[in-house]
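J.: In case it's useful when we look at the structure, here is the feature table from Swiss-Prot:
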type	residues	note
SITE	ARG21	site 'Transition state stabilizer'
ACT_SITE	TYR26	active site, proton acceptor
BINDING	ASN75, HIS81, ASP88, LEU102, SER103, ARG112	substrate binding site
ACT_SITE	HIS101	active site, proton donor
Amino acid sequence: MSSQAKVLLVNGPNLNLLGRREPGHYGHHTLEQIVSDLQQQAADANLQLEHIQSNAEHLLIEAIHNTDADFVIINPAAFTHTSVALRDALLGVAIPFIEVHLSNVHSREPFRHHSYFSDKAVGIICGLGAQGYQFALQSVIAQLKASQQK
């Protein structure tokens, strides 16, 4: 990529507890480890990565409203199943996004099967643990390169 593109990484409620919260579902990586790995992957691709994690929906919405990112990677966590407001924020800024989930939401409780985001996402990655974030960023890098070649 010729100029430095920007990606906003959004992590929703309770993801600050990664590494100690239900490791059978979410793995042993902490959020700090995941973000650090992504920062390195982004730097290697000459990409700027901004990150926000919050348990407060309005802070995530404000971060999306205020970003000048070219792409969003979002793990809405529990907001996946409840937040029309967060969905509307993404649609309002019209920035493409990839939805990521550490666990396979479709093999869990029925209420986790519905997402307010999936029908608008460029792609969805679930059930691959922390590696899912890396795959999402790989996809973003490829899509940004392809858009610059047009």
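Any Cβ shown, glycine's included, is placed from N, Cα and C.
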J.: Just checking, which of HIS81, HIS101 (recorded positions) has the fewest C-beta atoms within 10 Å of its C-beta?
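T.: It is HIS81 that, of the recorded positions HIS81, HIS101, has the fewest other Cβ atoms within 10 Å.
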J.: Measure from the Cβ of ASP88 (substrate binding site) and count the other Cβ atoms within 10 Å, all protein chains considered.
T.: 13
J.: Would you identify which of the binding-site residues ASN75, SER103 has the most other C-beta atoms lying within 10 angstroms of its C-beta?
T.: ASN75
J.: For ASP88 (substrate binding site), which DSSP three-state class applies?
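T.: Looking at the DSSP assignment, ASP88 (substrate binding site) belongs to a helix.
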J.: Cα of the residue listed as 'active site, proton donor' to Cα of ASP88 (substrate binding site): how many Å, rounded?
T.: 19
